[in-house]
C-alpha cells in the first residue's frame, strides 16, 4: 500500500512557509502579507496549540495547502486514530516519526485520502554529538538513509530530511516520493538553532521537492520581499 504523494506544479507550490508564530492573529497577518506569493503553509506545535488547528481548517477550506507538522509517534492504534481525524481536516501533508510500525499504521489510516504522509528522519537541529547523546549508534546521514528505506517500504508519501541529505535520499526513494527539506537558509542569513542547513538553490539542485522556510520569511521586516527572494533563488537552481 502506498500513501498519496504530492507533485508540485510550480516553484511557488514548492515553497512551504512555516507559520512559527505565537498567535493566530499574527499568523493571519503573515498570510495576508504573503497572499499571492505563497500558497502553502506549515503549522506546527507553537501555533497548533494556540488555536492554530481551527486556523488550519479555515485555510484549507479556502484552498490553501497546509502541512500539519505534528510528528506523530505512539502505539499503532493511537497513531491511526489521530491520522483518521486529521484526514477529515483536509490537510495536505502530515508528519509521522519514521518508526516502521507507526508509519504502517498511518498509511493504513490514510488509505483512499489525499493526505500526504511524511516520515521525519532526523531533525535538522541534530548533529552527530546529539545522536550520541540520545543513544543512537548511527551518525545523522546514515540514520536518514536507513529511515528513508523504511519509509519507502512502509508506503509513505514522502520523507523529511536535511537538504544536505536530499540527493542521497532521492536516490533511495526514487522520483515520485516527496522530499521535504527544512533548515533552509538564504546565503548569509543566521542559522538560528539549525545545524545542517542548505541554501534554497542548493536544496532544489539536491533533489528536494518542497522547501520549508520559517524565520527567514516570517521574521523579516518585509515578508513578501523575503519570500519572493527565496522563490527567485529556487528558480535559479
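Note: Cβ is positioned from N, Cα and C throughout, glycine not excepted.
Secondary structure from DSSP puts residue 71 (active site, proton donor) in a beta strand. Residue 71 (active site, proton donor) is surrounded by 16 other CB atoms, counting those within 10 A of its CB over all protein chains shown. Per Swiss-Prot, the feature active site, proton donor maps to 71.
Other Cβ atoms within 10 Å of the Cβ of residue 77 (substrate binding site), summed over all protein chains shown, number 10. Following the DSSP three-state reduction, the secondary structure of residue 77 (substrate binding site) is helix. Per Swiss-Prot, the feature substrate binding site maps to 20, 42, 69-78, 124, 185, 194, 215.
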Item to check | Pairwise Cα distance for residue 124 (substrate binding site)/residue 71 (active site, proton donor) [Å, integer] | outcome: 14
Next on the checklist: Roughly how many Å lie between the Cα atoms of residue 20 (substrate binding site) and residue 71 (active site, proton donor), rounded to a whole value?
Outcome noted: 15
Item to check | Among 73, 75, the most crowded of the binding-site residues [Cβ within 10 Å] | outcome: 73
